[in-house]
Amino acid sequence: MSFSSKSDVKFEDRFDKYLDPSFFQHRIHWFSIFNSFMMVIFLVGLVSMILMRTLRKDYARYSKEEEMDDMDRDLGDEYGWKQVHGDVFRPSSHPLIFSSLIGSGCQIFAVSLIVIVVAMIEDLYTERGSMLSTAIFVYAATSPVNGYFGGSLYARQGGRRWIKQMFIGAFLIPAMVCGTAFFINFIAIYYHASRAIPFGTMVAVCCICFFVILPLNLVGTILGRNLSGQPNFPCRVNAVPRPIPEKKWFMEPAVIVCLGGILPFGSIFIEMYFIFTSFWAYKIYYVYGFMMLVLVILCIVTVCVTIVCTYFLLNAEDYRWQWTSFLSAASTAIYVYMYSFYYYFFKTKMYGLFQTSFYFGYMAVFSTALGIMCGAIGYMGTSAFVRKIYTNVKID
């Protein structure tokens, strides 16, 4: 015999009692978004002012040099980013891996954008596992994005082993995620934990990789190679690489890479706390509008920072900008992973081998995926900037 009482709560509002508006819509959360937004306005203004003023001076100087006769030009100082015009569009080292990372980063960005939009519309937080299922479906469906950007970049850099590149691009992220998940799963099975993934689910994920992701990636690669695979650079690439001169220590690519991720991490720092709390604690994250805003802010800050880093690198007559722009943006992942250590020891009460491996394993996957996405965004923005400045200067 069962008793039931009529509720005044509408069916679509039944989940609201599990949400915590006072936590997610706290004044600090609003303030952090506003703070990040103001940082974006300041950074974009600063980058525009510095680059426009500096580039205007550069163009004026280069135009003046064009008017000099050969003797005066030989006596003048030759320096700056124009001097590396014959090497700036040289293929990056390890183009196969580089193009695969760029393709994967573009796909992760597309997945993030679509999943956040769907979560804003559909309230995915009301059903357990719906967010993960949506992310897997969207990742598989957006595989042509990976193939298109990775395949076209590899073709522009003169790569010939395009089938190998396609396989690496297609399986780079799935292999990382599945490898980590399967490793943690073995520990979960040993501890007889309820978090253990059934064998059937593992087989299903592998089938998705081989029968959905790979064919769609192939389609994207063929389209990318045929539609935008021609190396239409504004400058001719010299046959012999130019020697890279000595420069100050803070202009070295390694230093630029380490410092490049600080500002992007600063723009998402507060949001990371709310995301971690919903993922590792008892809170249910539902403010996906905030997440979308933070993603947009992250993209703008990342592009601005990598453009400035690349400009300084090229001015030091170092043309190794491709990997530097990617890694300086991707270094955001290092700071996120370092923050995850702080969060584990001071904000969670986890202990033992299973919980520790579960936490740090999945945080490594999250940080790496975020880093690859930021790296791809930074490279794409910087590539457009480099192409633009060398198109506008007269090259003999």
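Here the Cβ of each residue, glycine as well, is placed from N, Cα and C on the backbone.
Just so you know, TrEMBL annotations are computer predictions that nobody has curated.
What TrEMBL records for 28-51, 96-121, 133-155, 167-191, 197-219, 254-276, 288-314, 326-346, 358-380 is transmembrane segment.
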Item to check | Range from 96-121, 167-191, 358-380 with most C-beta pairs under 8 A to the transmembrane segment (133-155) | outcome: 96-121
Checklist outcome for this item: Stretch winning on C-beta pairs under 8 A with the transmembrane segment (288-314) (pool: 167-191, 197-219, 254-276, 326-346, 358-380) is 254-276
Item to check | Sequence-remote partners of the transmembrane segment (96-121) [C-beta within less than 8 Å, at least six residues beyond its ends] | outcome: 131, 134-135, 138-139, 142-143, 145-151, 153-154, 157, 159, 161, 164-165, 168-169, 172-173, 288-289, 291-292, 295, 299, 322-323, 326, 369, 372-377, 379-380
Checklist entry - Any residues 6+ beyond the ends of the transmembrane segment (167-191) with a Cβ under 8 Å from its own? => result 96-97, 99-101, 103-104, 107-108, 139, 143, 146-147, 150-151, 197, 202, 205-206, 209, 213-214, 217, 221, 353-354, 357-358, 361-362, 364-365, 368-369, 372
Checklist entry - For the transmembrane segment (254-276), what are the same-chain contacts with Cβ under 8 Å, counting residues 6+ beyond its ends? => result 24, 28-29, 32-33, 35-36, 39-40, 43, 283, 285, 287, 290-291, 294, 297-298, 301-302, 305-306, 309, 312-313, 324, 327-336, 339-340, 343, 347, 374, 378
